[in-house]
Amino acid sequence: MNLEKINELTAQDMAGVNAAILEQLNSDVQLINQLGYYIVSGGGKRIRPMIAVLAARAVGYEGNAHVTIAALIEFIHTATLLHDDVVDESDMRRGKATANAAFGNAASVLVGDFIYTRAFQMMTSLGSLKVLEVMSEAVNVIAEGEVLQLMNVNDPDITEENYMRVIYSKTARLFEAAAQCSGILAGCTPEEEKGLQDYGRYLGTAFQLIDDLLDYNADGEQLGKNVGDDLNEGKPTLPLLHAMHHGTPEQAQMIRTAIEQGNGRHLLEPVLEAMNACGSLEWTRQRAEEEADKAIAALQVLPDTPWREALIGLAHIAVQRDR
């Protein structure tokens, strides 16, 4: 199923999600309204709330509470973006100035805190202790992942295992929670819950692998941020590690130095040459496709419905995208 058909299938539910997001962002504090609206209207993909919507429908849910789960998932994602951009000193996201560039670091951090706490208010409104447990654990793991990534900055010696732990924690865990919590809310079977959980984990991993790849081979304007940001920030992502381990000794030393020192955007062209020579970008894409295939396989426990087909379609879209 292509994105157009997925959007048609989820149009009513996603309209409810967007309305819930705007309603729950409302505050008596004007700056929260201004910055909150600035970030949520920034043209994000909404893939995480869409997973939540589709997962609930795929196991036969007919109520409306999945809209709340979808909205709070987007809130958690939004709060992490606000904090990430401060940590990374980013100035562009989704083709426009980041919130910290537009409003300042302090406002971004504090509004991020507000959005986190509002997400937990929404969780408690669902009346499901298990959903609260899963989401609380997910947010904790996400925070750990961000700290792990911070520890890995400027470290060219991190292992692939360490890298995969980081992307599971900071990205895939929220995908996993989105699918799992919707299944829990819908009263799905344990087998279906496990299938949804695995789907989210594998899809989130594939999604982040493609994100890391696009940092090196996308068009900056289309990507909506600066190409080579990871290199400039000294982040050792999988494409960079592959090129360092499979390139010439000279290329390996250049990449090692770029990671250690940061501020390496001027080395982007020779780094890309090394990646192309080693097939690093294609290798990373293949790894992402393997994860997407695992995500699709995990859905076999679900009934064969258009909702399941849409989840399968999302897995394909995640690895075929160019932004």
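Backbone N, Cα and C atoms are what each Cβ position is placed from, and that goes for glycine too.
According to Swiss-Prot, the features are:
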type    : residues                      : note
BINDING : Lys45, Arg48, His77, Arg94    : isopentenyl diphosphate binding site
BINDING : Asp84, Asp88                  : Mg(2+) 1 binding site
BINDING : Asp84, Asp88                  : Mg(2+) 2 binding site
BINDING : Arg93, Lys170, Thr171, Gln208 : all-trans-polyprenyl diphosphate binding site
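This view paints the features noted in Swiss-Prot onto the structure.
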| residue | record | contacts (Cβ under 8 Å, 6+ apart) |
| --- | --- | --- |
| Lys45 | isopentenyl diphosphate binding site | none |
| Arg48 | isopentenyl diphosphate binding site | Ala70, Ile73, Glu74, His77, Leu174, Phe175, Ala178 |
| Asp84 | Mg(2+) 1 binding site | Ser90, Glu146 |
| Asp88 | Mg(2+) 1 binding site | Asp229, Glu233 |
| Lys170 | all-trans-polyprenyl diphosphate binding site | Thr80, Ile142, Gly145, Glu146, Leu148, Gln149, Gln208 |
| Thr171 | all-trans-polyprenyl diphosphate binding site | Gly145, Gly204, Thr205, Phe207, Gln208, Asp211 |
Shell of the all-trans-polyprenyl diphosphate site beyond Arg93, Lys170, Thr171, Gln208, same chain only (C-beta within 8 angstroms of their C-beta centre): Thr80, Asp84, Ile167, Asp211
Conformational class of Arg93 (all-trans-polyprenyl diphosphate binding site) under the three-state DSSP mapping: strand
Among His77, Arg93, the one of these binding-site residues whose Cβ has the fewest neighbouring Cβ atoms within 10 Å: His77
All-chain count of other Cβ atoms within 10 Å of Gln208 (all-trans-polyprenyl diphosphate binding site): 24
All-trans-polyprenyl diphosphate site span - longest C-alpha distance across Arg93, Lys170, Thr171, Gln208, in Å: 18
